[in-house]
Amino acid sequence: MALREQLRLMVVDDMSTSRGLITQALDSIGIRNVATASDGAAALQAVLKSPVHLVISDYNMPGMDGLHLLHYLRNTPQTAKVGFLLITGRADPAIIDKGRKLGMNNFLKKPFETADMKAAIEAIVGRL
Amino acid sequence: MSDPMNDIRASFFIECEELLEGLFDALQTMSDGSADDETINVAFRAVHSIKGGAGAFALDQVVSFAHHFETAMDDVRSGKLAPSDDLVQLFFRCGDILSDLVRAARDETTVDAALVDPVLEELGKYSTSPDSGEAEEEISDFQPLTLDLGDLGAPADGADDDFDALLASLPPLPSDDEPQEPVARTVVFRPEPELYKSGNEPLFLLRSLGELRPSAVRLDFDPDSAPGARMTWTVEFDDPVKCEMVEEVFEFVQGLCTLSFGSDASPRESVPAEEAAGTFAPADLPMDKIPEPASPTSDVAPPLATIDPAATDEDGPAEATTAMPGGAPKGGAAPKNMASPTVRVDLSRVDRLVNLVGELVINQAMLSQSVAQSSLGSNTAITSGLEEFLQLTRDIQESVMMIRAQPVKSLFQRMSRIVREASAAVGKKVVLTTDGENTEIDKTVIERLADPLTHMIRNAVDHGLEKTEDRQAAGKPAEGQVRLSASHKSGRVVIEVSDDGGGINRPKVRQIAIDKGLIPEDAALTDGEIDQLLFMPGFSTATTVSNLSGRGVGMDVVKNAITALGGRISITSHAGKGTTFSISLPLTLAVLDGMVVSVAGEALVMPLNAIVETLTLDGESVRRLGPNSNVVLVRESFVPLLDLGVELGYRAPKENYAGAIALLSGQEDGHRAALVVDSIEDQRQVVIKGIQDSYGRVPGVAAATILGDGQIALILDPSDLIQNSSGQSRAPANIEAV
């Protein structure tokens, strides 16, 4: 079975439009095991109940932002090793640097093409 | 199947409306001066999210504008720019432009650059960085971390409350970039005598403060102070503590003590608390209530926290409250704080449901009728079951109507823009206050209210409010007030637009009406009647056609729009104090309270709100004016008599109307008419079935309905009937009785 069929993902974004866009891109890459959440806490709770390989999260969210979620994931034993791809509207070096320190696997700048998404994921998990 | 991208695109524009609403809410809070950090965050996030989504759909005009807007807002967020009144006002204008751009993008049009550029230019003046935009710093040195895809591991079992505990136990995000919140390293606490009198215990307060892990506590005693105010505690922290969290501890003794914060370690030499405790003379409070003197060492916190076993029990939750705000901004990450979940439903599905419920109501009425006609007693299981069915039907109907109901907030927000634009255009200072934004009305009504309300708001700004100089001369504040309010009143929604202007200039209105030939020169009109002249077609008080109102669209158009919604509009005006327009609307357009009448064997429904009273005509009161026109004397004034049978073409005029039944119908413009019917059958709720799609506009008829016996009945439009009556049974106008 191809890797893309095995991969289980969690997409976190407060905007349903963005969740739609990301899942749509994933769908065209061939990644179909995708769960979504509209905020960090819900995402964390969901991946605890149903573990995933990779969390794709927006940076800018109310309450818990993307990096905050990453920090919580890394500090929860069950999710400490999950892959984390940050999606951000602004590739602010400060954000990326903070992400690096927290153990972010990769980031992707909005707006993105499907190919960008594929490359960003492949950089983490290998060829899809 | 529809293209998924199109669906996402459509949902993007819906989401944009929500984000824009949030943006304007936040801006309003900022302009009220009650904004906190999270407010500007919300505003920023809204613009940022719109930009992000627009980027995905290559809506370049939106992206570029949102980018500039976002940059300025980010500067406010990071403290580089102060949110001055001018800047917040500019943000409002930016919000307006952004709304325009988003809507233009949705409708696949563009916005004239002449509208956008001046705002951009003004935004540029606030720019803190020389190139606000184009080239973002490239991040070239980030190396993706590869991941070994091992087993996913077993799902964590456990209840949801375990999750809350887990969330609470997680360490706060290292805060390297959150210097905004006020922090302190010393907290000075000085209880006032009132604190003791009201039964509060400094011990408990200090114990709670101990949970914030202070490094030292010092007690100063001043024998010269008033009894009960002699002790002052100074608590020091190695790591800065948030003032907000300290204030939380002292929340219940606010005003009963002095609390002050210091940003660095106390300048005074830190006296070990033990010594301090030893120095004070017998005080006016029982000694056993003084907390255990804390040692000045850095591990002071544990003893403080463990004084009371109960306090240790609370350690977990206490840490939770300290851990979470460490990283999470207000609003919190706890899912419990989230707004109630919503689901988006296609309006056509709701409409279908509304229709089906309409059928249910009709069906229930038919059933009731056949049961009533059968020889069943009133106490049978069928009749009592039917009662319950009736109640259920009503409940379902109300619930379904509520699905369509929406708060008027979005409509009111649009009006604040109208006020901003209108006041700028006429050079008046105007403040809009709104009230009852959460009042809910049928979505269709809200949509159809936008135009009339826009016009009324413009009128209020343009005509209602005086010029600034005139206001000042009249001793009023220079800033004019326009108030927009919504409320529920006896099953209807009342929307009021009021201003604190000069009131209606009645002599001027009267003169204009005479000049335009709307009324005879010697007409004796009451104040109320003069006010009603504003609603006459072709009336405009503006001596010059201004850019705003007076574009040929008068209040008559407003009135027609309101009437079409089943509403009424009225005016109250006080010279020098202002004018209030009051719109009263039905809660829904789907059902109507009506009176079922019979005319020439046909069942007709008259909207109940149009009926002032029912009359039985006597030979005395009906006067013949012409061959086929009659008036009827109702309480000192003559009212035209309209025979519905004649108006609707069912029959020829009667010779004599003595003994006939008439419905007195009153219109907001003061026009009244007595409508002759053969009999009154019933008063009930009817479900409105549109007939315009099939038959076009039928004069005098608003819609149709199906009655309980399955018969179709026309719902009359009394104002149309009265205005366009054939004249066969009608007098030319209201005539004052002499």
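We count from 1, first residue shown onward.
Every residue, even glycine, has its Cβ placed from backbone N, Cα and C.
Whatever TrEMBL says is automated annotation, not expert-curated.
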(message) Of the ranges B:104-162, B:281-339, B:458-516, which one does TrEMBL flag as region 'Disordered'?
(response) B:281-339
(request) Count the residues of the domain 'CheW-like' (B:591-727) that DSSP assigns to helix (H, G, I), to strand (E, B) and to coil, and report the three numbers in that order. (result) 17 helix, 69 strand, 51 coil
(request) May I ask which residues of the same chain, at least 6 positions away in sequence, place their Cβ under 8 angstroms from the Cβ of B:H48 (phosphohistidine)? (result) B:A66, B:E70
(message) For the domain 'HPt' (B:1-105), how many residues does DSSP put in helix, in strand and in coil?
(response) 88 helix, 0 strand, 17 coil
